[in-house]
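Input: a single structure, listed below in C-alpha cells.
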Amino acid sequence: MPRGLELLIAQTILQGFDAQYGRFLEVTSGAQQRFEQADWHAVQQAMKNRIHLYDHHVGLVVEQLRCITNGQSTDAAFLLRVKEHYTRLLPDYPRFEIAESFFNSVYCRLFDHRSLTPERLFIFSSQPERRFRTIPRPLAKDFHPDHGWESLLMRVISDLPLRLRWQNKSRDIHYIVRHLTETLGTDNLAESHLQVANELFYRNKAAWLVGKLITPSGTLPFLLPIHQTDDGELFIDTCLTTTAEASIVFGFARSYFMVYAPLPAALVEWLREILPGKTTAELYMAIGCQKHAKTESYREYLVYLQGCNEQFIEAPGIRGMVMLVFTLPGFDRVFKVIKDRFAPQKEMSAAHVRACYQLVKEHDRVGRMADTQEFENFVLEKRHISPALMELLLQEAAEKITDLGEQIVIRHLYIERRMVPLNIWLEQVEGQQLRDAIEEYGNAIRQLAAANIFPGDMLFKNFGVTRHGRVVFYDYDEICYMTEVNFRDIPLPRYPEDELASEPWYSVSPGDVFPEEFRHWLCADPRIGPLFEEMHADLFRADYWRALQNRIREGHVEDVYAYRRRQRFSVRFV
C-alpha cells in the first residue's frame, strides 16, 4: 500500500461518520413537525429510519474503502497507522466519542468481526474521560421565580417552540405549582429555581420538557410530558420530580427519544445529574445513539470483569427452549445465545429468532420490551466460565463456539438488561406486592397489544421485573404483529365426549390463538387466579383482542404513558 493512503482512509471514515450524524440530526429535527401535525405513523417510520442510518452509512464507507484499496488486503502495521491518523483527527472533533464507535463498526464490517483488539479498535476511548469541547451555546436556560412560580412557568411554556394552541395554559400551570408545593413545601419552593433544556425530547405522541429543579437541598428532575387533545390543542399531562420517575421515563424498555443533540456527550453529561442511576451506555441509548451505547455497554462490562472474581453461570430461571442465557452473579446484564437446536415444539429457525429481535429493536417498545445489544465473535476467557456453564455451552451451542485454547469465541450473542424472572418474583411475594405484579403483567400485555405486538408465549417465565417493579417482556422468539394473529373463540363441543378427548374437536390453523386457553396456565396458582380474574379477565376473551386489532387496522395509535394513570393531572386534580 502506498504511504499516505492511511490518512486518506482515516479521513474517509470520519467524513462518513459526519454524513451519518448529519442525517441523524436531519431526521431528528423533523420531530417537532411530526408532533404538531399529529402524524403518528410518520413518527414510527422516522424512528425506524433513524435506527437504520448507522449501518447504512457504515456500509457506504466500507464500499469506499474497498475502492480506495482496490480490494487488496491490508497488514497489521498499515491498520495501526490508519488508527493513529484517525486518533489525531479527534481532539478538535465535537463528536469524538461516537466517531470512535463508527471507526470500530467500519473495521468490524471490513474484517468480519475478527481480530478485535485494543490496538486495532477503540475498545476504550483515546480521549480523556468526560472531555468536552467548547459549547457554542448553553444546553439549558435558567429560570428564577422573581415574580412567583406562576410567572416563571408562564415564561418557560411561552419559550417553547411549539406552534399549536394551548387548551388551558393557566390550568396546567396551576396544576404544576400545586404539585411542586405538595412535593417541596411553600418555603423550599420559594428558594428553588428551574434549569430547562433548550431542546424538547420527542417520543411516541408526546413532547417532553426536560429540566432540573434546583432546590436548597439538591437537584431534582423536572419533567413535563406535553400531549395533544383530539382537537390539536396542547396540554401538560403531569409533572414528574423524582429520580425514580425520571429513570422510568428514560428506561431501557422504551423507544429512543428524538432530541436534537449536535453535541451528544455534553447532553449526556447534563442529564447525568437527574438520572444518577443510569450508566453512560443507558444515557446514550435514551437519546438514540444506540451504536455508541453498545460501545459504552461493552466498556462497562470490561470494567466490571476486571474488578471482580466471579465466573459466568447459567442465569436463574427456567431454562429456555431457544436461548441459552448466562450472567455474572453481580452484573446487571445477561448474555443470550441462540441454541444450535430448539425444543421440538419450537418450529422456527435461528434466522427467525434474529428477525424477531430486530423487530423489537425497531418497534415502539412502549416501556414493556427490553432493548438488546447484538455482538458477533464475542471472546470469553475460559477462566471466567464456570465448569457447569462451559459444559452447557458445548452441549447447547457448540456450533457457535470456537475454542482458542485459553479463550472461546461465541459467534453471535445478545446482551440485555438483567431482571428478576416474573415466575420467580411471584413465588417470593405476597399481599400488595403480588397484586401489583399481576396488575403490571396484565398492563404489559395490554400495552404491547395496543402497540401491535403479540408476545406469543405469555408464560410468566418470559417476563422480568425491573428494579422499579415494572414488568417487562424479554423472550422474543414467538413475537409477531397483532394483525397477523387470528383470535378465535373455542367452538362449543358437539358431544359431551368432545371435552374428554385428547385432541380438540375443532380445526386449528397456523396463526390461530384461543384466548380462553390463557386461563389454564395464567390462573393455575390459587394465589394468582382470583387476582387475574378480577383485574384482567377480558384478556381471556377473543372479542377483546379482535377489538384491538380493529383499532390498529383503522390506523389508531394508542397513547403511551411512562407513569401511572393516577399521576395524570386529569385523574389527580379533577
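Backbone N, Cα and C atoms are what each Cβ position is placed from, and that goes for glycine too.
Taken verbatim from Swiss-Prot:
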| type | residues | note |
| --- | --- | --- |
| BINDING | A315, P316, G317, I318, R319, G320, M321, K336 | ATP binding site |
| ACT_SITE | D371 | active site |
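DSSP gives M321 (ATP binding site) a coil state; it is part of no helix or strand.
Rounded to a whole value, the Cα-Cα separation of P316 (ATP binding site) and D371 (active site) is 20 Å. Fewest Cβ neighbours within 10 Å among the binding-site residues P316, G317, G320: that distinction goes to P316. In the structure shown, across all protein chains, A315 is the one of the binding-site residues A315, I318, M321 with the greatest number of other Cβ atoms within 10 Å. Looking only at the binding-site residues R319, K336, the densest Cβ neighbourhood within 10 Å occurs at K336. In this structure, the C-alpha atom of I318 (ATP binding site) lies 21 angstrom from that of the residue listed as 'active site'.
Spread of the ATP binding residues is 15 Å (greatest Cα-Cα distance among A315, P316, G317, I318, R319, G320, M321, K336).
A straight line from the CA of the residue listed as 'active site' to the CA of A315 (ATP binding site) spans 18 Å.
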